[in-house]
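Peer 1: The structure follows.
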Amino acid sequence: MSTTVRAPAKINLHLGVGPLGEDGFHPLATLYQAVGLYDDVTVSDQLEWSVHLRGDGRIDLAEVPADDDNIALRAGRALAAHHGIDRAAKVEIRKGIPVAGGMAGGSADAAATLVALDRLWDLQTPDDELLRLAAGLGSDVPFALLGGTAVGSGHGELVTPVADNGSWWWVVVENDDGLATPGVYRAFDELHAGRDVPAPEIPSALHDALLSGDVEQLARLLRNDLQEPALRLRPELSATFDDALAAGAHAALLSGSGPSVLLLCGDRHQAEAVDAELAERGHRRTSVVPAPVAGAHVVEYV
Ligand code: ATP
């Protein structure tokens, strides 16, 4: 028996970062959206835990641990421990989400593993318990369960779905070299040293833009507080922003802690035209994706 679950990448339409707390974390106010880039996770019964990675040739798997450090295995063990059961599984991850790209691919794998093992072992874990387990694994894991569009508070792990009437299209521009999230937060702290950082808040106009489905309204409101610090670490990324706007995108935004860059387009047709123009300008790894899409869901149960 095996179960395959598909989980989406996330982007942050708003990523508001608050002052560094005594716990060493920054409070966040974020508006997540799930986009159509996916990892598929297949689980099957086995006596010992193991993880196996596959890519489509496009994704660099070198940085992804194939041992107990893989967050998918941590998720599997956490679920077994939660139910007090002594079982193990083989976890196969087919990656379509860029690694260390600011799109929470690891979190997607953790969420997919929770849902897949819950089904394989017929555990029927209630949603609130799955969300709590997810939050214990990482700030972005609960949203990968939920998908759609949602507000994230706390460190991002407290998620609440919000209304989104848009059919949005994005071009994702990947980068060959990942950016480690802790380094980007350190650059944020350096940038704000000696300055007051206000408590983060999502502007209500952003909810209005989602309700209206108006791309120009949304384009004006996109904001990511990690964009400036990430650009300090990777000044060459600004060329991608320039190319995006020259190619006709409505807006360009850094994805999470980067280095993936997101280009908001009016419809699929425009996104494909922008994508083609970026290819002309030498960007090799780009994808046209719809949003919002579903959270972690079973795609095969055999
Ligand atoms: P973050 O979640 O820290 O914002 P990210 O979204 O930029 O990160 P991820 O692809 O989720 O990037 O992975 C960040 C790091 O987590 C990787 O460099 C890798 O070392 C580690 N990792 C552990 N498990 C996984 C996994 N299943 N897939 C990808 N990376 C993993």
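Keep in mind that glycine also has a Cβ here, set from the backbone N, Cα and C atoms.
Under the heading active site, TrEMBL lists Lys10, Asp140. Annotation comment: TrEMBL describes Pro98, Val99, Ala100, Gly101, Gly102, Met103, Ala104, Gly105, Gly106, Ser107, Ala108 as ATP binding site. Residues or ranges marked as domain 'GHMP kinase N-terminal' in TrEMBL: 70-148. Residues or ranges marked as domain 'GHMP kinase C-terminal' by TrEMBL: 207-282.
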Peer 1: Which has the fewest other Cβ atoms within 10 Å: Ala104, Ala108, the binding-site residues listed?
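Peer 2: Looking at the binding-site residues Ala104, Ala108, the Cβ with the fewest others within 10 Å is that of Ala104.
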Peer 1: Give the sequence-ordered set of same-chain residues, not counting Pro98, Val99, Ala100, Gly101, Gly102, Met103, Ala104, Gly105, Gly106, Ser107, Ala108, with Cβ within 8 Å of the centre of the Cβ atoms defining the ATP site.
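Peer 2: So the extra residues in range turn out to be Ala9, Ile97.
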Peer 1: For Ala104 (ATP binding site) and Lys10 (active site), what Cα-Cα distance in Å is obtained after rounding to a whole number?
Peer 2: 6
Peer 1: Please report how many Å separate the Cα atom of Asp140 (active site) from that of Ala100 (ATP binding site), as a whole number.
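Peer 2: Asp140 (active site) and Ala100 (ATP binding site) have their Cα atoms 13 Å apart.
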Peer 1: Name the residues of the same chain, 6+ apart in sequence, whose Cβ is under 8 Å from the Cβ of Lys10 (active site)?
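Peer 2: Same-chain residues close to Lys10 (active site) (Cβ under 8 Å, separated by 6 or more) are Tyr32, Gln33, Ala34, Val35, Met103, Ala104, Ser107, Ala108, Asp140, Phe143, Ala144, Gly256.
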Peer 1: Among the recorded positions Lys10, Pro98, Ala108, which have a Cβ atom lying under 6 Å from any atom of ligand 1?
Peer 2: none
Peer 1: For Ala100 (ATP binding site), what residues in its own chain, 6 or more apart in sequence, show a Cβ-Cβ distance under 8 Å?
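Peer 2: For Ala100 (ATP binding site), the qualifying residues are Glu63, Gly178, Leu179, Ala180.
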Peer 1: Looking only at DSSP and grouping its letters into three states, which state does Ala108 (ATP binding site) belong to?
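Peer 2: Once the DSSP labels are grouped into three classes, Ala108 (ATP binding site) ends up as helix.
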Peer 1: Hey, does DSSP put Pro98 (ATP binding site) in a helix, a strand, or just coil?
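Peer 2: Looking at the DSSP assignment, Pro98 (ATP binding site) belongs to neither helix nor strand, so coil.
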Peer 1: Within the domain 'GHMP kinase C-terminal' (207-282), how many residues are helix, strand or coil going by DSSP?
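Peer 2: For that range the per-state counts are 45 helix, 11 strand, 20 coil.
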Peer 1: Given the binding-site residues Pro98, Gly102, which one is most crowded in terms of C-beta atoms within 10 angstroms?
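Peer 2: Neighbour-count leader: Gly102.
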Peer 1: If you draw a 10 Å sphere on the Cβ of Gly106 (ATP binding site), how many other Cβ atoms land inside?
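Peer 2: Step by step: centre on the Cβ of Gly106 (ATP binding site), count other Cβ atoms within 10 Å, giving 26.
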Peer 1: How would DSSP class Asp140 (active site) in three states?
Peer 2: coil
